[in-house]
Amino acid sequence: MRSLRRYSTQFIPMSFSDMVMALGDPILIAVLASLPNSALYLAAFAVGKSIAVFFESAIISILPVSNVLAANQHSRALLLRFVIGLGTGLTLAMLLLSLIPGLGAILPVSSDVWANASLMVTLLCPWPLLIALRRYWQGQLIHAGQSSAIAKGAVLRCLVLAASAMTLANLVPLGPILVAGSLLSGVVVELGYVYFCARSLQFQQTTPAPDLPTNTWALGQYYWPLAQSMVMLWGARLMLPLLVAVLGTVSLAAWAAAWAVTISISNGVRMLQQLVIRHLQAAPGPERVAEQCQLRRFALLIGVVFSGVLCLLAFSPWGHSLVLWYLGDSRPLLDSVAPVLSVLTILPIIMAMQHYQLGLLMVHNNTRAIGRAALWSNLFIVLSVASMVGMEASLSSVAIMVLIATLLETALLSGASKQNDAAARAPHTTR
């Protein structure tokens with residue numbers, strides 16, 4: 001019971017921050033929908049934000065790396081220089097992409113949509129650098145046990161974003177300016193807040209583990225598999241709607257709606273990775289096995305809780321009413337969404353164990369295993385979904401392929417973790 005309370009006190013604010021951040025897009029969509037030319041701006045937002053998120057995916061793993069390296073001053077300074085370099089490079093790449101002449105001609109969107117989307121991407125080009133710095137300081141806050149500061153920062157960001165969006169809608173009712181201004185103002189305020197909270201942190205200095213990076217080149221090799229895994233994950237997620245679109249407009253709308261609900265709830269388990277890293281690093285050697293078992297049980301419990309929420313939506317009359325309201329009272333759309341939600345109800349449990357295993361591998365500094373697991377999982381999901389679409393299978397079959405791909409990645413991560421444990425015990429068994 002004491003462990004449950006200890007873990008929950010730290011996990012709930014981190015999970016809450018993840019879920020609050022997911023409110024940003026619905027707020028922007030609601031404000032854009034109130035503008036003249038709303039259909040044009042909404043289409044441009046879908047394209048422009050997808051490009052921004054794709055560039056952001058390369059720096060998502062800054063958070064766990066910052067958590068792992070926080071206890072050593074040299075490692076923190078090395079990572080900060082790396083973060084600034086990587087974020088600046090991605091910012092420049094994003095700017096160059098938006099300025100490439102004729103790029104809109106090869107994309108399946110109208111010239112008006114691309115003109116607005118490219119302006120949005122140009123204005124949003126500081127996004128990767130700002131997010132990278134924010135995640136760097138968030139990792140240090142998590143390592144210090146200050147997860148409540150992250151939740152407060154997320155709420156502050158959401159409030160500033162909403163206020164900026166409504167203000168810009170009245171002053172400058174242009175979609176690209178509204179989106180970029182709102183997103184950037186929110187993240188700048190959040191970055192300032194987490195930096196203010198993290199600047200006074202005092203860490204007990206430790207000697208870096210022998211297999212941790214000690215220079216920029218080594219850090220790049222250490223970080224690359226993590227960046228690759230996130231880029232592939234978001235690339236696969238971007239491809240899924242394109243593949244499902246072959247099944248027709250109704251199927252695409254149903255998949256988009258079902259996936260948005262599922263992933264918004266399932267993402268609540270992602271911060272389990274940070275919890276595992278923090279507690280296993282802090283646990284003395286003799287107590288680490290017991291701590292690992294307690295963390296595994298807690299991860300399973302969290303997965304069951306979030307799966308329970310999805311089960312209520314998928315199987316209860318109250319859940320059906322809520323989903324129907326979310327779908328604009330469209331009964332035909334509900335008939336297509338309900339089977340997909342039913343299949344995906346166990347996704348949070350699988351993702352909880354996936355992020356538990358990711359935390360174990362980060363503690364062992366085995367980032368290559370993370371990259372390999374993501375590679376095979378994302379290849380499987382793209383190829384299997386393409387096969388299902390080619391056979392004109394149901395959306396439930398597509399959802400099953402997503403579950404199998406996530407199970408595959410979790411199994412590969414678990415196998416790598418067991419190899420690490422066996423290697424750690426080997427010196428003791430040979431004496």
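Even glycines carry a Cβ here, placed using N, Cα and C.
Annotated features, as they stand in TrEMBL:
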TRANSMEM  12-33  transmembrane segment
TRANSMEM  39-66  transmembrane segment
TRANSMEM  78-107  transmembrane segment
TRANSMEM  113-133  transmembrane segment
TRANSMEM  154-171  transmembrane segment
TRANSMEM  242-265  transmembrane segment
TRANSMEM  298-316  transmembrane segment
TRANSMEM  336-353  transmembrane segment
TRANSMEM  373-391  transmembrane segment
TRANSMEM  397-416  transmembrane segment
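Using a Cβ-Cβ cut-off under 8 Å and counting only residues 6 or more beyond its ends in the same chain, the transmembrane segment (397-416) has close neighbours at 240, 244, 255, 258, 339-340, 343-344, 346-347, 350-351, 353-354, 357-358, 360-361, 366, 369-370, 372-374, 376-378, 380-381, 384-385, 388-389. Remark: the transmembrane segment (113-133) makes no contact with the transmembrane segment (242-265), by the rule of 3 or more CB pairs under 8 A. Using a cut-off of 8 Å between Cβ atoms, the transmembrane segment (154-171) and the transmembrane segment (336-353) share fewer than three residue pairs, counting only pairs 6 or more apart in sequence. Stretch with the largest number of CB pairs closer than 8 A to the transmembrane segment (336-353), among 78-107, 242-265, 373-391: 242-265. Between the transmembrane segment (373-391) and the transmembrane segment (242-265), the number of CB pairs under 8 angstroms, six or more residues apart, is three or more, so the stretches are in contact. Residues of the same chain lying 6 or more positions beyond the ends of the transmembrane segment (78-107) and with a Cβ under 8 Å from any Cβ of it are 47, 51-52, 55, 58-59, 62, 65-66, 69, 114-115, 118-119, 121-122, 124-133, 136, 213-216, 219-220, 223. Panel annotation: around the transmembrane segment (242-265), residues 19, 22, 306, 309-310, 313, 323, 326-327, 332-333, 336-337, 340-341, 344, 347-348, 382, 385-386, 389, 392, 395, 398-399 of the same chain, lying at least six beyond its termini, place a Cβ under 8 Å from a Cβ of the stretch.
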